[in-house]
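**Student:** Pulled the feature table from TrEMBL, pasting it below:
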{"type": "TRANSMEM", "residues": "12-30", "note": "transmembrane segment"}
{"type": "TRANSMEM", "residues": "42-67", "note": "transmembrane segment"}
{"type": "TRANSMEM", "residues": "73-94", "note": "transmembrane segment"}
{"type": "TRANSMEM", "residues": "106-127", "note": "transmembrane segment"}
{"type": "TRANSMEM", "residues": "139-164", "note": "transmembrane segment"}
{"type": "TRANSMEM", "residues": "176-196", "note": "transmembrane segment"}
{"type": "TRANSMEM", "residues": "202-222", "note": "transmembrane segment"}
{"type": "TRANSMEM", "residues": "365-384", "note": "transmembrane segment"}
{"type": "DOMAIN", "residues": "425-567", "note": "domain 'GGDEF'"}
Amino acid sequence: MGISRTQEMIIWIVWALLVPAGIYFTYQFFPPVNADVLSMSAFILFAIIISVMPIIINGLPILLIQWVSLAAFLKFGLFFEVVLLQVAIVSFMIRLRIGKNDFYRVPWNSIMFFLMSVFSGVVYYAIGGTIGFSSVAALFIPALVYQVSSILLNQVLLIGFHVFLNRKIKLFGEDLKWDFSAMLIMFPMGLGLFFLEYHIGPIALFLIGLPFLSGAMILRLYNSSEQINQYLQKSVEIGHQLTESLQVNEVLQLFLDKILQTLPVEYAYILDVKGDELVLLRRVENNENKSINLPPLKKNEGISGLVWGTGKSALFHNRSDWTEVAKGYMPDNVESVLSVPIVRNQKVRGVLLLASSKKKAYRKYQLMIVDILCSYLGVAIANARHYEATKRSSERCALTKLYNYRYFENLLSTEFSALHNGERTCLSLIMLDIDHFKSVNDNYGHQSGNEILFELARRLETLIGDEGTVARYGGEEFIILLPDTTKEDAFLIAEIVRRTIADRPFILHSNLEVERKTVNLKVTASIGVASAPLDADDSMSLIRHADRALYTGAKQAGRNRVAEYVKSS
């Protein structure tokens, strides 16, 4: 969890004022009892070993040092127990390889463990507990109170810390239940270690510690196996979800969302092979989509280019490993990098690059999982592109690249539903037909006629833009749908369309002569306008009325003009 710079400074100041001075005064008031350098060294060494080999449960490292600190406290007293726990927590933090953003955890945990040691130790002394060998009956109650008071203070400190950060925490959450559950194991182990060490010396740490460390190793292996199984299960689920997506953008976004949820990723980039370059498709930094206007990479250029060139994945644990390889853009705080080729049909089609500001953020098994996911991604992108191409060909006119009548008919039905539901105020339709188009085909050839149709489509697209939808209705007829546009405004737009056609000659090539010549040809169009709900109550009526206005009001009146539908009285 991140904290502000001010909060971090406060934690460090409290640590500097409290812990060093506190350790000094602890030594003055509670000096070591039964000081034995060999035994004390053995306890410190064993505490370090436990700290660097934490138990992993559900992916979280847990430090179970309480049983060792209990035995150390009962044998040597409060000062030694304070020092032992401080050494243990520093070793534990080093083992976790915490980054800059989480470095505040070192002083905070040091403060917590110091206060817990002093508080529980003072409580132990207050109820008559003694240091050194005693009977089980004499030690049991004070030692139990010592452990319980430590757990309770830990909970109070956690609550206070969350209040300090303005965050919510349950008063009796899972942490407290876990602490008491762990105590049921740690308490008898601590007493057992204390009595056994008294009778046989430091070798007791080996006899009790070896089974404990073996159990910790088994738990780590089991947890690692469980994590791999969970990752594999997630990858299969993600693969199924990717194959269900039928749009490339949807596939890419879904893939990145799932990757960010599954792995510790701060930076994610998907690059696509286009010709001899690697072009950025998606860029996510700290859960935000960023601009993709970064320069492309060549093969074997930078980390991604190297992955493209070799076809092999790359895993770097810290910045010094990849600095010489990298080229181009990379965030300043990146340490760990994982890059995998996106392969389809035995060819590299793209590259995925993931990065984190933490060192050793990724493991080899995670690299395998990402490799599997990239295989799914490659197939999903290919399927989505094929679907989009098929959809485009079924919706678009092959010649003009405009929407065809089938698409337009469905769109008009959808817009009429929106009109009836009150989501639209009105719908206006412009229908135009090129005047004397047959003579163009007869005089210059059908290919020249196609050139006019294509150029007219581009002019209409440019003119209408996002204000409406342009489609080819059939032959030399075009149709324009203008949502939320009144009949009067549609008429003005239609007039602009007419002038755009009539005032600018079309450049075409004469295909009927021996020598192909360039010709500037003036073309005109007749246009009809109708609007709903003013002129029509359904989509077919709107088309019919616009068509009627076109032929009776524009064509029959002399062509090259705009006419609006007028209801007959």
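Each residue's number is its place along the chain shown, starting with 1.
Cβ coordinates come from backbone N, Cα and C, glycine included.
As the structure is a computational prediction, the values presented were derived from the model and not from experiment.
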**Student:** Count up the helix, strand and coil residues in the domain 'GGDEF' (425-567) according to DSSP, in that order.
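**Tutor:** DSSP composition of the domain 'GGDEF' (425-567): 63 helix, 42 strand, 38 coil.
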**Student:** Need a quick answer: max count of Cβ pairs under 8 Å to the transmembrane segment (176-196), which of 42-67, 73-94, 106-127, 202-222, 365-384 is it?
**Tutor:** 42-67
**Student:** Output the single range from 73-94, 139-164, 202-222 maximising the number of Cβ pairs under 8 Å to the transmembrane segment (12-30).
**Tutor:** 73-94
**Student:** Considering every residue in the domain 'GGDEF' (425-567), what is the mean pLDDT value?
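**Tutor:** On average, pLDDT over the domain 'GGDEF' (425-567) sits at 91.
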